[in-house]
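Per Swiss-Prot, these features apply:
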DISULFID  Cys21-Cys185  disulfide bond
DISULFID  Cys104-Cys189  disulfide bond
CARBOHYD  Asn4  N-linked glycosylation site
CARBOHYD  Asn18  N-linked glycosylation site
TOPO_DOM  1-33  topological domain 'Extracellular'
TOPO_DOM  55-67  topological domain 'Cytoplasmic'
TOPO_DOM  89-102  topological domain 'Extracellular'
TOPO_DOM  128-146  topological domain 'Cytoplasmic'
TOPO_DOM  168-196  topological domain 'Extracellular'
TOPO_DOM  218-256  topological domain 'Cytoplasmic'
TOPO_DOM  278-295  topological domain 'Extracellular'
TOPO_DOM  320-344  topological domain 'Cytoplasmic'
TRANSMEM  34-54  transmembrane segment
TRANSMEM  68-88  transmembrane segment
TRANSMEM  103-127  transmembrane segment
TRANSMEM  147-167  transmembrane segment
TRANSMEM  197-217  transmembrane segment
TRANSMEM  257-277  transmembrane segment
TRANSMEM  296-319  transmembrane segment
Amino acid sequence: MTSNFSQATLQLCYENVNASCIKTPYSPGLRVLLYMVFGFGAVLAVCGNLLVVISVLHFKQLHSPANFLIASLASADFLVGISVMPFSMVRSIESCWYFGDTFCSLHSCCDAAFCYSSLFHLCFISVDRYIAVTEPLVYPTKFTMSVSGICISISWILPLVYSSAVFYTGISATGIENLVSALNCVGGCQVAINQDWVLISFLLFFIPTLVMIILYSKIFLVAKQQAVKIETSISGSKGESSLESHKARVAKRERKAAKTLGVTVMAFMVSWLPYTIDTLIDAFMGFITPAYVYEICGWIAYYNSAMNPLIYAFFYPWFRKAIKLILSGKILKGHSSTTSLFSE
């Protein structure tokens, strides 16, 4: 049986270069299909997250600490879609890197930085939602614009510092010089990382993920208790006070927001867990994972950057309304920034 993944004749990324990497060609039909699938993910990540950023920045009604966190998260996913996914697509399908060693390091650095930035944003968003649900009336005084700004700064600075250390200082290759030398060929962009730094990378994924799981477990427990309390209060007295009515509306709104962002967090964990586990296994068991499994795990993770706008569009009526206004060009009209996006 003829395989799509190999041919009898050996092919090189650069035919006239002795140190060229070996090319593993796909059949023309499969290549077209993969370009369509991967390209669609990149376009969706770019366009979808750009709509989120424009919505939050343009409409004044969306100018809140929590929404600025969401816009910053969308910016990270947008950068994954525009600066990482297109080049990874070519590398995955052509099995060669045609963009040079310098850009290989930059691409790898951006890849790690933007993806960890997404994780850090989600962790801070879970903290925001926890405060909003457990203390809805004092939440505006606790999670202010300045606090949101600090969270956003940390979510960008730490991943950039970590990624720069891994890909530009050479410390991540200590002890695996022979492997680095073996992987060094023209047309390749495979960055080898030693076990210590792989473990650090795993902890950078595991610790924020654990924090999010704990916080969202508490959020849904508190939300359930609030729902029961509000229902009991309403059924016990026909004349509900304005304060109790306000509490009920606030609690309901924050529970819905927590549910939506809980789905976002779950989607991130499901998308990134296979890749993280695969990387950990490879580092400690001698790179036993087949290349195609690694590629599949990597692209499942990449596709997460395209999922968040779809989640917002499904759960948030205000986002659907904002999309209509943006795509119709109505945001170019005067005073469009003051348009009401909420039904209530």
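Just so it is clear, glycine is given a Cβ too, placed from its N, Cα and C backbone atoms.
Ranked by the number of CB pairs under 8 Å to the transmembrane segment (197-217), the listed stretches 103-127, 147-167, 257-277 are led by 103-127.
Of the two recorded stretches, the transmembrane segment (147-167) lies close to the transmembrane segment (103-127), with three or more CB pairs under 8 Å once pairs fewer than 6 apart in sequence are set aside. The Cβ of Cys104 (disulfide bond) lies under 8 Å from the Cβ of Trp97, Cys189, Val191, each on the same chain and at least six residues away in sequence. Residue counts of the topological domain 'Extracellular' (89-102) by helix, strand and coil are 8 helix, 0 strand, 6 coil (DSSP-based). Within its own chain, the topological domain 'Cytoplasmic' (320-344) is flanked in space by residues 51, 54-55, 58-62, 249, 313, which lie at least six positions past its ends and keep a Cβ under 8 Å from the stretch. Taken together, the residues in the topological domain 'Extracellular' (168-196) have a mean pLDDT of 83 on the 0 to 100 scale. A Cβ distance under 8 Å defines the sequence-distant neighbours of the topological domain 'Extracellular' (89-102), meaning residues of its chain 6+ beyond its ends; these are 13, 21, 23-26, 31, 34-35, 38-39, 42, 187-189, 295, 298-299. In sequence order, the list of same-chain residues 6 or more apart from Asn18 (N-linked glycosylation site) whose Cβ falls under 8 Å from its Cβ is empty. Shown in sequence order, Cys13, Ala19, Ser20, Cys21, Ile22 are the residues of the chain, 6+ apart in sequence, with a C-beta less than 8 angstroms from the C-beta of Cys185 (disulfide bond).
Outside the topological domain 'Cytoplasmic' (55-67) by six or more residues, the chain places 74, 125, 128-129, 132, 143-145, 147-148, 257, 318-319, 322-323, 326, 331, 336-342 with a CB less than 8 A from a CB of the stretch.
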